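Database features (TrEMBL):
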type	residues	note
SIGNAL	1-16	signal peptide
DOMAIN	28-137	domain 'Alpha glucuronidase N-terminal'
DOMAIN	141-460	domain 'Glycosyl hydrolase family 67 catalytic'
ACT_SITE	E298	active site, proton donor
ACT_SITE	D372	active site, proton acceptor
ACT_SITE	E400	active site, proton acceptor
DOMAIN	461-684	domain 'Glycosyl hydrolase family 67 C-terminal'
Amino acid sequence: MSLRTCLLLLCLFVCAATRGVADDGYRLWLKYDLIGDAGQRKQYQQAAQFVSVSGQSATLKAAADELQTGLSGLLGQPVPVIGDAKGRKGGIILRVDAQAPDNAGLGEEGYRLYDDKNNLVITGRRDVAVLYGAFALLRQVQTRQLLEGLKISSVPKIQRRLLNHWDNPNGTVERGYAGSSIWKWYELPEVVDPRYRDYARANASVGINGAVLNNVNASPRLLTTEYLHKVAAVAGVLRPYGQRVYLSVFWAAPKVIGGLPTADPLDPQVRQWWKAKTDEIYQIIPDFGGFLVKANSEGEPGPQDYGRNHADGANMLAAALEGHDGLVMWRAFVYKADPKGDRFKAASAEFLPLDGKFAPKVLVQVKNGPIDFQAREPFHPLFGAMPRTPLVLEVQLTQEYLGFATHAVYLAPLIKECLDSDTYAQGKGSTVARVVDGSVDQHAVSGMAGVANIGADRNWTGHPIGQANWYAFGRLAWDHTLGSEAIAAEWTRQTLTTDPPAVQTIAGLLQQTRRIYVRYTAPLGLHHIMGEGIHYGPQPWLERSARPDWTAIYYHRADSVGLGFDRTATGSNALALYKPEVQQLWGNAQTIAPDYLLWFHHVPWRQRLRTGRTLWDELCTRYYTGADSVLWLQRQWAQVQPKVDPALHADVTARLQTQYKEALWWRDACVLYFQTYARRPIPAPFAPPQRTLADVKRLVDIYQLR
Ligand code: GCW
């Protein structure tokens, strides 16, 4: 960028900042607004007088550009990008150095930032590491950390840190609540929306290094030559930012687009078709990341259609990838309709026998919990139970069961709860995080996937707070030891305000949002009691559906005696899938943490819990206090009003109003419905709902109308 353009940009930034132009959220956490405090600004100005970069790669250019744009915006001074610093001081030096002994432990992507007394140095063994370091430096400035004496070294704990888009070729997004897909397939490859680059910048800034572009309920279209060229155009934008593209594959593609009579993974023609298709992909997209597969799940075709198993299918794709640097991520989200069974155990039944049978290029991708992205789930029993198979942790950032883009739910606490759970696979400390990063079983590959909450809405995620979930996913995939409230504070400082008390208030409220959501929707371990199909609003009365395990009564098992799914030895015994230590933790209704109680026990309404209340009273208490807590969220949010952009503040305020209204639906629907079994009054000090169960049913059943 020339000095003139730089000055022009600067002028635009300053004007925007001083005129108070409404923040439409497009810039996410990469705002780079001028630092208001002149004294503070000066300190940074002295340390960032230029950016020096030797080397020409697109990635280094992206790093230098980002520093230039970011720092000139933040500091209100031109920040020229120069070649060799030639002994100059007071700048930022980008240095790729694979030989430096201090860089030895950094791997491909790890970076170091340090103050060498003359300049700030960003170094790593590869260009992409320097790019991550550049974003880390910008984060330091945006969060107002001191640069003097800076010394940071950071290496990702997980290798494949991927967003999974559930985007369809027609532009819709399955379970997407932020508008249509950002991928404009009909316009590609000729028209390349500049937005793709901003997407790539955002991903890189939090360390995300790949994206599965299409829905796991996959269209075969993406594998056609025509579409591969479109995919290549997106890959071209993502590449300088260290991201590779991946595709979800439709299992029956050899039939649908290959014209073969079968998609049997052991059929030589089918194998040949995939091999040729994979070779073609790598010709068009040389750094293609690999395949994600949903097979024999929820009606999708798969190897079982031909009497084969998941390993046969996955290994066939792995064979097709031989000679290429790509992986297969085979999803474990499978469950057969069985009215007598327990869906909790379904994936284990199919996958445990296959441990050790997968080819080295295969990872099995497992959702955080055994059912389906509920507001709270125990960790999936496959974690720690398949030592010979690398497992990818899949979490959902789009809020399918968590209030769409209407409810404020910051998900880092949910993700952390899973990551920090101890599987006891190799004794104490074998957390899900350590199973996934490969350290428990010494796997060479590792991955974590977040189902994206991104759409074409101007602010990307619909709910402004949803941006924090994209952010937190990347940060946790890079380093699962980070704390969720610390991440919230970091995001807030870059996105909403740097005012310390306001940051504290916002991070504090974010940290509570998921707990609050659980309390007014599904407290004490209730799960899957939401609206049928749409997965929005309460529908605990749902007793008939296309499959029994899509109803609500299958899961809550309310009767005149009590509530909850007995998964101990007297019930489905799903608990036996866990190691003895975990069984001990959850096996006893008296000692289990109340948050997990009804996941594992059918508890009498009058039984007294650890909290001192009976089950019924505790249930009501949680529904009522949960809904009340939304008012607390509103008050906390109101407090920070002077410190946050007015348009953005108003948007969140309005969404919090909807959230409260719907929290009351949930509360009233659930207490009134469960009361028909418990036959107990709503305990003091709570007032019984003013409406009847029929009233609330009418209200929420509207959402079931097509
Ligand atoms: O939770 C279910 C969703 C489906 C989704 C499926 C999956 C993509 O309701 O919409 O399909 O999970 O994860 O495969």
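Each residue, glycine too, has its Cβ placed from N, Cα and C.
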(request) If we count other C-beta atoms within 10 Å, could you say which of the active-site residues E298, D372, E400 has the fewest? (result) E298
(request) Fill in the CA-CA distance, the residue listed as 'active site, proton donor' to D372 (active site, proton acceptor), as an integer in Å. (result) 12
(request) Could you put numbers on the helix, strand and coil content of the domain 'Alpha glucuronidase N-terminal' (28-137), residue by residue per DSSP? (result) 45 helix, 20 strand, 45 coil
(request) Averaged across the domain 'Glycosyl hydrolase family 67 catalytic' (141-460), what pLDDT does the model get? Just tell me the whole number, please. (result) 98
(request) Please classify the secondary structure at the residue listed as 'active site, proton donor' using three-state DSSP. (result) coil
(request) List the Cα distance (Å, whole number) between E400 (active site, proton acceptor) and D372 (active site, proton acceptor). (result) 10
